[in-house]
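According to TrEMBL:
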type: TRANSMEM; residues: 43-66; note: transmembrane segment
type: TRANSMEM; residues: 95-116; note: transmembrane segment
type: TRANSMEM; residues: 137-166; note: transmembrane segment
type: TRANSMEM; residues: 194-214; note: transmembrane segment
type: TRANSMEM; residues: 235-255; note: transmembrane segment
type: TRANSMEM; residues: 275-292; note: transmembrane segment
type: TRANSMEM; residues: 304-321; note: transmembrane segment
type: DOMAIN; residues: 349-460; note: domain 'FAD-binding FR-type'
type: TRANSMEM; residues: 579-599; note: transmembrane segment
type: TRANSMEM; residues: 636-656; note: transmembrane segment
Amino acid sequence: MSEIADHTAMESGLQIISEWQLGEIRKGNILLQQSLMAAMAKAILLALLKVLMIVIFAGWIALWILKPTTLWTRKWKGAEDSARHTVFDYYGLNFAVFTFPLIALTIIGVVYLNLVTKEPPRSRPARSAPVGFSNPVVVNSFVGILSSMEILAVFLFLLFLAWTYYARISNDFKKLMPIKSLKLDLWQIKYLRVATRFGLLAEVCLAMLLLPILRVLPLFQLIGIQFEASVRYHILLGTSMIFFATIHGASTLFIWGVSHHVQDEMWRWQKKGRIYLAGEIALVTGLVIWITSLPQIRRRRFEIFYYTHHLYIVFLIFFLFHAGDRHFYMVFSGVFLFGLDKLLRILQSRPKCCILSARIYLFPSKAIELTLPKDPRLKYTPTSVIYMKIPSISKFQWHPFSITSSSNSDNHTMSIVVKCNEGWTSSIYDMIKAELDSDTGAKNCMPVSIEGPYGPASLDFLRHDSLLLIAGGAGITPFLSIIKEIASLSSRRYRFATRVQLIYVVKKSQDVCLLNSVSSQLLNQSSTQFSLNLKVYVTQEEGSNATVIGLLNDFSLVRTVNFSTKCSNYAVHGLDSSVLMAAMVALSSIKFLVSLIFFNRIFVPTEMKSSASQKMVVPSENKASKEKTPSSVVDLLLLASFIIALACNTFVAIILRWKRLKKDIPAASPKQGNKAIELAGSVEASTVEDHEIHFGGRPNFQDILSKFSDETGGSDIGVLVCGPESMKESVASLCQLKSQGLNIGAKGKKPYFFFHSLNFTL
């Protein structure tokens, strides 16, 4: 009987286990279905947002194309006449049609980038045609490195400028009218119209000038261009704007000169019409900004470049007075977004945090590694950049630095490497050196303000079979984070490159010390699942018997100082919620429009509202009433509305930030310890065999690319370059030659090199 009972109990137990297993399987299937449905819903939402952004952007471009035509002028005049009988009036219509589309695009774009996953890829996609279009097509020392997509964009932009100018000037020549205040010949009238229309081309460039340098509201990131790379477009647009504006201003002065009206016209601040003096001030200010931003000044006298660049406020205000509010609405979207972006960055940098520790290399490389506290929830992608301000050195200067740590391996800290040459960076070195040499036992506190991190929205640039990293000098810093990221994720089934080769070009062998933070990945590869090979080229030293491991050991002696965190106990917490930023942009536009309507109802007479900003001669019956209120008052009301919108947003953002800091942001965890001398990364010679070092010459990139493609045997090689422009151009030319033809979908082993240019300085 006992055996029967035991057998029955065993069967019931097995039945219970079987039912439990079936229940777990059902639960797993339900969770899998839910995750698949969520992923599908997210994919549909992303597709809808992308379509909506394309429609809005296409509509905004269509407005610019149609604006020079007589058809648009006639239809738009009727629309403004209808709007004058509504609460919005002409200024509300101009804001809604010309300014708001880019604001709406930014709102949707911020939400879109928030939804795009930043999780590393678990599989590599097949090579596709769009990727090939990003590879270099034109490599030239004058224009730099241009891909086919960039060439197409430049061509379309130049075509648009030509169309705008042709449409305007052809209409002007059909209905030439003499100017009453100036007695001009026919050729002078025509030349003056030509000069005026060059001012419109400058206006087109100004409309897009500030968009590439948005950091918190990154429009260019929607097309895969990072902030540090998009700065080049800001430079090109700024140069074009100054070129057109100079022709506009100089030609106008020339006509005034030949007609003997320079003294009469040059110093006029008209009550009505275009204010000439304001335009002259704007042009002079723009020229000062452009001259001090030339590479010869920007790189050698950064402080001059930095402070004079803040004259953009003066430039924009006097441009508004010169052009009037109607023309300003065409460029106002960039100004509006830049103002909000600047506000959000200022608030993000509050409160200050403190440097936890600094490691200074003892040899004459003058390099330091700074460690900052980080919120454990803050995740960033490799090659991300932070902006740092040290008030004890300068209360206004911000400097960009590439993050050299990985957020997947360092949860509570982030690191940057600073190569101290001169100026601001030299001051950091002197401060830390003084702290190291001091005999006081008390630890000082070094507060800093941090913006960022700003980085790519995805890791697509690492989705290659193999990676060839080429760095020159301080250009090694973005690659340190890439190496750490790949090493930390290589054991988690994420599909990164399994073979990485690092080419490091330096002037002196002492600069190898910058590799100290990745010495464990370089010298102890048995614990990693990817192959990392290093080749160092020392260009200004003769041949020697030194080895990579010998140099790393020789230059691994560092001194470390740990700072106090008593002055600030906060950690770097990164950007605010994307949804919150999108909401703030939307609310700011509403506040601006409400303020503008309110001010115009109070300060502008009804007779003036209909044409105060037309900058044209007014009908005689309304002349008396309009003279009471100068047209510049309308411009001031626009400016005041913008300031009020920013002020209200500042107040709301401060309250939200205070609540978040009080509730969510964890305090920094200070490192314990005092000043110390350590030998970092010392290893045995047997741990490395494949690393190479070459003295007395520059690398032959053609041989390097050929050998690497033979060694890897793969058809997908990502080439990332960070260093001097000449190095980038040399590598880009070789990638262009070696990857002629896309060979899409080929299953052979013909290598294809995907070129990526990284920047460590702006």
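The backbone N, Cα and C atoms fix where each Cβ goes, and this holds for glycine too.
Model, not experiment: these values are computed from the prediction.
DSSP states for the domain 'FAD-binding FR-type' (349-460), grouped as helix (H, G, I), strand (E, B) and coil, give 15 helix, 41 strand, 56 coil. Within the same chain, residues 42, 45-46, 49-50, 52-53, 56-57, 59-60, 63, 88, 211, 217-219, 221-222, 329-330, 332-334, 336-337, 457-458, 577-579, 581-582, 585-586, 589, 592-593, 596 sit at least 6 positions outside the transmembrane segment (95-116) and bring their C-beta atoms closer than 8 Å to a C-beta of that stretch. Using a Cβ-Cβ cut-off under 8 Å and counting only residues 6 or more beyond its ends in the same chain, the transmembrane segment (235-255) has close neighbours at 182, 184, 188, 191-192, 194-196, 198-199, 201-202, 205-206, 208-209, 212, 262, 266, 279-280, 282-283, 286-287, 289-290, 293. Here the listed stretches are 137-166, 275-292, 579-599, 636-656, and the one with the most C-beta pairs under 8 angstroms to the transmembrane segment (304-321) is 275-292. Within the chain, the transmembrane segment (579-599) has long-range Cβ neighbours (under 8 A, six or more residues past its boundaries) at 87-89, 91-92, 95, 100, 103, 106-108, 110-111, 114, 216-217, 336-337, 340, 344, 637-638, 640-642, 644-646, 648-649, 652-653, 656.
As a whole-number mean, the pLDDT of the domain 'FAD-binding FR-type' (349-460) in this prediction is 83. The list of residues near the transmembrane segment (194-214) in space but at least 6 beyond its ends in sequence, with Cβ under 8 angstroms from a Cβ of it, reads 64, 102, 160-161, 164-165, 168-169, 172, 220, 225, 227, 230-231, 233-234, 237-238, 240-242, 244-245, 247-248, 251-252, 254-255, 319, 323, 327, 330-331, 333-335, 337-338, 341. Beyond the transmembrane segment (275-292), the same-chain residues lying 6 or more positions past its ends with a Cβ under 8 Å from any Cβ of the stretch are 238-239, 241-242, 245-246, 248-249, 265-269, 298, 304-305, 308-309, 311-312, 314-315, 318-319, 321-323, 632. Note on the transmembrane segment (137-166): residues 64-65, 67-68, 197-198, 200-201, 204, 232, 725-726, 728-729, 732-733, 736, 755, 757 of its chain, located 6 or more positions outside it, place their CB under 8 angstroms from a CB of the stretch.
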